Amino acid sequence: MFIGITQRLICNDSYHEKRECLALDWGKLFNKDLFKNFTPLPLSYEIDFSYYKHLIKAVILSGGNDLSFYSPNVLSKKRDLYEKQVIEICLEEKIPLLGICRGAQMIAHYFNSHISPCENHIGKHEVFFSKEKFISNSFHNFAIEKLGEDLVELCLAKDNTIEAFKHKYENIFGIMWHIERENGLNNIQILKEWFSLIKE
C-alpha cells in the first residue's frame, strides 16, 4: 500500500534550480517492521494531488520549510498551497492524514490553531502523554500554543506547547517530533492509532 509523502522544497543556487527532496531517514523508516505493509510515494508539487488520490491509502505531510505565514518566501508559499489542497482532498475522500513537525503545524494552522516562535525545541526533550512521559527529538522553531476547536491535544512538552494532536471527527493526526529520526519512535501508540485508520 502506498503512503504519499510531501517533500521539502530547496533552491540550489549554483544550478538555479528548485528541488523536491526527502531525507534518507524516510527510506530507513519504511524499512522498519512497523512500516512493512507500506511503500512511500513522494509527492511532486508539479503534479496535482487529485492525480495521486486513487493511488494512495494515506498521506504524510513531512517536515522542512517553515509555513509561509511565518516565513513568506516563494518555496514556503508553494508548499503551503499544495498541502492545503492535500488536506482538503483528504477530508473529502476520508484519506488518513498525518502531519510531522512542519506538517503538524500546517494542519494546526488550517484548523485555526495558534502557532508562535519558540525556544529550546532543538535536540531532544521530554514529552508528556497521558500519565506517561518519554524522550523525543525536537527540531522546530515554531510551536503550537493553542489548538483550534476541531482538534484535541494528545501530548504536551514541558512548556505546555502541543506535541501531538488529532482531529475530533476526521482521520487526521499531527506529531511535532520527527518519526523518521533518532528518538522518533520511542512512543508509537499514536502512530499505531493512525495506522489503524488505513484501509486496504
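Note that Cβ sites are derived from N, Cα and C of the backbone, with glycine treated the same way.
Just so it is clear, the model here is predicted, and its values are computed rather than measured.
The active site, nucleophile annotation in Swiss-Prot covers CYS101 and is backed by sequence analysis. According to DSSP, CYS101 (active site, nucleophile) is assigned to coil rather than to any helix or strand.
HIS178 (active site) has a Cβ environment of 24 other Cβ atoms inside 10 Å. Here Swiss-Prot flags HIS178 (among others) as active site.
The active site annotation in Swiss-Prot covers GLU180 (among others). DSSP assigns GLU180 (active site) to coil in the three-state reduction, placing it in neither a helix nor a strand. When other Cβ atoms within 10 Å of the Cβ of GLU180 (active site) are tallied across all protein chains shown, the result is 24.
For the domain 'Glutamine amidotransferase type-1' (20-200), the predicted model reports an average pLDDT of 94. What Swiss-Prot lists as domain 'Glutamine amidotransferase type-1' is 20-200, and the listing cites sequence analysis.
Within 10 Å of the C-beta of CYS101 (active site, nucleophile) there are 25 other C-beta atoms, taking all protein chains into account.
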